[in-house]
Protein chains: 2
Amino acid sequence: MKIIRNLHAMTLWSDRLRREGVTIGFVPTMGALHDGHRALIRAARLRCDALVVSIFVNPAQFGPKEDLSRYPRPIARDRRLCRAEGVDVCFEPTPADMYSERFQTSVMVPELAGRWEGTARPHHFGGVATVLVKLFSLVRPHHAVFGQKDFQQAALVRRLIADLNLAVGLTVHPTVREPDGLAMSSRNVYLSPDHRRRAPVLYRALSAGRQAILDGLRDGRQVDRIMKRMMAEDRIVRPEYLAVCDAASLEPLKKVSGSVVLLGAIRIGRVRLIDNVTVAVPSAGSARRGRRSA
Amino acid sequence: MKIIRNLHAMTLWSDRLRREGVTIGFVPTMGALHDGHRALIRAARLRCDALVVSIFVNPAQFGPKEDLSRYPRPIARDRRLCRAEGVDVCFEPTPADMYSERFQTSVMVPELAGRWEGTARPHHFGGVATVLVKLFSLVRPHHAVFGQKDFQQAALVRRLIADLNLAVGLTVHPTVREPDGLAMSSRNVYLSPDHRRRAPVLYRALSAGRQAILDGLRDGRQVDRIMKRMMAEDRIVRPEYLAVCDAASLEPLKKVSGSVVLLGAIRIGRVRLIDNVTVAVPSAGSARRGRRSA
């Protein structure tokens, strides 16, 4: 496995392979790799000849009070995981190379960025969109794989690729979960043992909402209420939002129909966690009869 | 010469040539091609194996009260000029293909976009930056050529390419002028014969400012005054701004030094024209002795 830190060297590597007709897969990460990332890497591996994983804790997507400095950076372990998964290039640019002193350009996807995570983290998605355009330009992938866990990010990336004609194929890979349902996240390591035990309540609430929809419920506010009731069972976990939304626009749905996502964010102590589940709601004719398979 | 309107066909064409090791040159235009564009096309032709000219009157860079609908669109004549200059592809995307209903992404270069032309045209440079990222993604050029006449645009493109790692070489080609000094522009056709006769006063004012600098003047405000005095000779022409600036940041200079640009914009009747001249100011030691060659 090659470790590339220099931006120009990354582009040269990709250009050479592209000229040879090699297809390039790409998994952008902030490191602290876990089994969720491993699943993304394997999915990308299957779709492409050569595979680049970037490890870059992007300062631009952290707010001033967020966990940039204490974000975990176990680089040796990350490289071992990449090597074991047959990654061809581990791309590790430096913040100084990525953001020069005169840097001023930003990429915005304002409608998708303004909701949900964007409310709690106002600069987050601008930072994400900007760094992704940069990474796509540097790595020049044919295909990129993102995790469904960051559903809003994936929706935004889809819009970004379409709007800027970036010609990058996109796979959104299902969330990988711990046995008790907790979505894998690099931030799970922050949880105390007690908080770790409580954290799966978010997934249980989202799943209850989905089940209600599968059982035929179509009133978005009633689904919200079911999720909130389940969350209220734990007094330590504070919900930030729980919502039933259109899966493309992320607008909350009064009437549940089409491609639907249930989004949630919670705080436990100082840790903030997000999760989501999706459900396809059949057309009105068959909706009333309910549908029990996910 | 190929005429390509379909976005995907454009990218396929470029990808195929890139795989063959062909270098692709690109001149993005809004059509209404004149000898200024012809010079850009010839400069691009010299640098690359294959040459794409785009003709796209980009709605996103026009303000609501600007001349989008009446902007000249002599497409048959434009194609003839391209064909005569050995252009390989005339890329003519449609506004509907470029901006779908759900389109929402924007690219900003806020510091460079906020000044001068950006004051008069607040959405202009956002529209320019966004469409250029799109066009670069679609055309995938190795090299792009812009005209110095739109100096602020060229400075912004240079920043945009660096900030987003776009890996497009950039040439800024000197302004082509009519015999009386008027910078060639697609908007010159709007001028009445009387206004056309008056329009070169902008270039004369900028040239007087440059001459004063070459003669040793280093006080930016005094240079401004010289330019404004010359503009004041014509009561019909209204200056919008005249300024001595750093050529990279476009910040106005109190003390003239380094790479310098003199920027100007005027209104004559309903027509708005811009122009600029550059000058390299030698280091303090030799500055006092003056320098007479441009």
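Just so you know, glycine gets a Cβ as well, placed from its N, Cα and C.
Bear in mind that TrEMBL entries carry predicted annotations, made automatically and left uncurated.
According to TrEMBL, the features are:
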| type | residues | note |
| --- | --- | --- |
| BINDING | B:30-37, B:147-150, B:Val176, B:184-187 | ATP binding site |
| ACT_SITE | B:His37 | active site, proton donor |
| BINDING | B:Gln61 | beta-alanine binding site |
| BINDING | B:Gln61, B:Gln153 | (R)-pantoate binding site |
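Structural mapping of features recorded in TrEMBL.
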| residue | record | Cβ neighbours (10 Å) |
| --- | --- | --- |
| B:Met30 | ATP binding site | 19 |
| B:Leu33 | ATP binding site | 25 |
| B:Gly36 | ATP binding site | 22 |
| B:His37 | active site, proton donor | 26 |
| B:Gln61 | beta-alanine binding site | 21 |
| B:Gln148 | ATP binding site | 21 |
| B:Gln153 | (R)-pantoate binding site | 24 |
| B:Val176 | ATP binding site | 18 |
| B:Ser186 | ATP binding site | 19 |
For B:Gly36 (ATP binding site) and B:Gln153 ((R)-pantoate binding site), determine the Cα separation and express it in whole Å.
-> 16
What's the CA to CA span in angstrom from B:Gln148 (ATP binding site) over to B:His37 (active site, proton donor)?
-> 11
Name the one residue among B:His37, B:Gln61, B:Gln153 whose Cα is closest in three-dimensional space to that of B:Val176 (ATP binding site); these are the recorded positions.
-> B:His37
From recorded positions B:Met30, B:Leu33, B:His37, B:Gln61, B:Ser186, the one whose Cα lies nearest B:Gln153 ((R)-pantoate binding site) = B:Gln61
